[in-house]
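Student: First the structure, which I've put down as structure tokens, then a few questions once you've had a look.
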Amino acid sequence: MEDFVRQCFNPIIVELAEKAMKEYGEDPKIETNKFAAICTHLEVCFMYSDFHFIDERGESIIVESGDPNALLKHRFEIIEGRDRTMAWTVVNSICNTTGVEKPKFLPDLYDYKENRFVEIGVTRREVHIYYLEKANKIKSEKTHIHIFSFTGEEMATKADYTLDEESRARIKTRLFTIRQEMASRGLWDSFVSPREAKKQLKKDLKLQEPCAGLPTKVSHRTSPALKTLEPMWMDSNRTAALRASFLKCPKK
């Protein structure tokens with residue numbers, strides 16, 4: 001799974017996921033399913049945000065990478081992926097500026113057009129079950145919830161899906177392709193089932209004991225489908241901004 005994650009996701013996303021796990025004392029090399037889940041969630045958050053801007057009239061518009069956008073403001077503020085201290089600083093700043101109610105839990109995004117925080121969910125289960133879990137945890141009508149599944153289903157607060165159909169289709173296609181690639185490598189079942197994940201972890205640990213450090217065949221193989229998985233959706237200008245604002249790791 002670790003090899004798959006490093007091949008499948010943008011290096012910035014992988015780096016952010018590793019940083020987030022280490023912040024909570026978790027090891028991406030051991031908790032590989034969680035590593036994959038965090039990367040997937042981060043990517044969906046970025047895809048949700050990318051190419052969506054607000055023009056000088058306050059209207060929401062979509063601008064593809066490469067188009068002039070100097071006078072445009074990003075519609076969404078990305079909160080997910082930052083360390084907790086910085087994330088709360090951003091949330092507090094938004095609340096002080098806009099007057100919106102401060103959430104009890106860290107949200108994933110802030111929507112400047114609708115003036116609301118957004119909680120993004122990516123589930124391997126039924127969307128309505130995961131939606132209810134999120135709603136029961138947050139217990140706030142002020143935070144908008146939007147859930148995606150790997151099967152193409154989605155659910156949002158008051159059926160308000162925020163984004164246009166094409167943008168949501170891009171996210172659904174990406175999730176479905178990730179699922180297909182995992183399945184083709186025999187990783188999907190363990191990703192979905194905790195029991196299977198534990199069995200797979202035991203197998204992995206046994207395999208690592210006699211040949212620790214040796215590269216696996218998977219790490220040297222990139223399927224044609226994975227080439228299409230390369231996240232070309234990331235706006236090059238925003239990629240640089242993300243690296244600058246999110247990754248503040250001390251140099252070794």
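Using the three backbone atoms N, Cα and C, a Cβ is placed for every residue, glycine included.
On a predicted model such as this, the values are computed, not experimentally measured, just so you know.
Annotation source Swiss-Prot lists active site at GLU80, ASP108, citing similarity to another entry. The feature site 'Important for efficient shutoff activity and nuclear localization' is assigned by Swiss-Prot to ARG195, LYS198, LYS199. The site 'Important for efficient shutoff activity' annotation in Swiss-Prot covers LYS202, LYS203, LYS206 and is backed by similarity to another entry.
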Student: Among all the protein chains here, how many other CB atoms are within 10 A of the CB of GLU80 (active site)?
Tutor: 23
Student: Which ones in the same chain are close to ASP108 (active site), with CB under 8 Å and 6+ residues apart in sequence?
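Tutor: Residues satisfying the criterion: HIS41, CYS45, ILE78, ILE79, GLU80, VAL118, GLU119, ILE120.
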